[in-house]
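Sending over a structure as structure tokens; questions will come in a sec.
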Amino acid sequence: MSTFKNTTSSSVIFFLTGVPGLEAFHTWISIPFCFLYAIALSGNSLVLFAIVTQPSLHEPMYYFLSMLSTTDLGLSVSTLVTMLGIFWFNAREISFNACLSQMFFIQLFTVMESSVLLAMAFDRFVAISDHLRYASILTDLKIAQIGVAIVIRGTLILTPMVVLLKRLSYCHSHVLHHSFCFHPDVMKLSCTDTRINSVVGLTALIITAGVDSIFIILSYLLIIKTVLSITSSEERKKAFSSCISHIGAVAVLYILLISLSFVHRFGKGVPPYVHTLIANAYLLIPPVMNPIIYSVKTKQIRRAVLKVLHTTATKN
């Protein structure tokens, strides 16, 4: 019994994995990862700074975009230390409590990403369907309340999932299959019944990404209905164009989520490094692509970012 208790204490050490089968190339693999992290951190920081400092961007749409950039920064930082630590220093050990903390923040920022994209879909619906009342509906106070609700929602949903892992005993191998702590990965190392954990994890996925995706689709069905009722072709084009950046961000997140789900469910015969690379892409590609998508497709963001860069270059 004492050994069993020790395996559930904070003294448990897990061992993270880089890219299975490609350990000899970790230094080379780290180069594109470093490049992606640099883009994610600098791109989102730049967009966030532009929104905060440019009065012309103090509008509901850009406030939601600032939430998305903040979420992407949090998601990138959550995986940065362990991933590059493995590639550069072969630092594979992570304590049980540190693992749970990383897992919680990765899941939290992922849920927040989905929630913010839903809020942005609602923003586009209001802007297109009720343009005259747009500013009065999405006031600064209402946007702040939405932001707080997103954080509280993610925290309340994910806390039980993480806490329940503490009741498990880990008497199997302590080797995880990713370069970060992933809920199903940790759960598989337990030698006790994990059915409750599986149910809670699946429920969390359904009531976050599942519900969010349904409401995002519903929002766009209503947007399409509203846009098609507009008589002017120029106005229809303008309304659709205001949604392109958001559609791109949604597509990046959910295509990667679906790909990851399919690989985990049906990819029994694929090489282990495929699972790892898709899992890494799911966490890293959205923070990389979102600032690029919004900078390229949104003229106001592009101008603000260029203005910030020009001001910085002039000062230097």
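Note that Cβ sites are derived from N, Cα and C of the backbone, with glycine treated the same way.
According to TrEMBL, the record shows the following:
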type     : residues : note
TRANSMEM : 35-52    : transmembrane segment
DOMAIN   : 43-294   : domain 'G-protein coupled receptors family 1 profile'
TRANSMEM : 73-91    : transmembrane segment
TRANSMEM : 103-122  : transmembrane segment
TRANSMEM : 143-165  : transmembrane segment
TRANSMEM : 199-223  : transmembrane segment
TRANSMEM : 244-267  : transmembrane segment
TRANSMEM : 273-293  : transmembrane segment
With pairs closer than 6 in sequence left out, are the transmembrane segment (73-91) and the transmembrane segment (273-293) joined by 3 or more CB pairs under 8 Å?
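In this chain the transmembrane segment (273-293) contacts the transmembrane segment (73-91) - 3 or more Cβ pairs sit under 8 Å.
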For the domain 'G-protein coupled receptors family 1 profile' (43-294), what is the mean per-residue pLDDT, to the nearest integer?
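That region's mean pLDDT is 91.
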Quick test of the contact rule: Cβ under 8 Å, at least six residues beyond the ends. What residues does that give for the transmembrane segment (143-165)?
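Sequence-distant neighbours of the transmembrane segment (143-165): 60, 63-64, 67, 100, 103-104, 107-108, 111-112, 115-116, 119, 183, 186-187, 196-197, 200-201, 204, 207-208.
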Count, for each of 73-91, 199-223, 244-267, the Cβ pairs lying under 8 Å from the transmembrane segment (103-122), and report the range with the highest count.
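So the stretch in question is 199-223.
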So if I exclude everything within five residues of the ends of the transmembrane segment (73-91), which remaining residues of that chain have a CB under 8 angstroms from its CBs? That is, six or more out.
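Here the qualifying positions are 16-18, 26-27, 29-30, 33-34, 37, 40-41, 44-45, 48, 102, 105-106, 108-110, 112-113, 179-181, 280, 283-284, 286-287.
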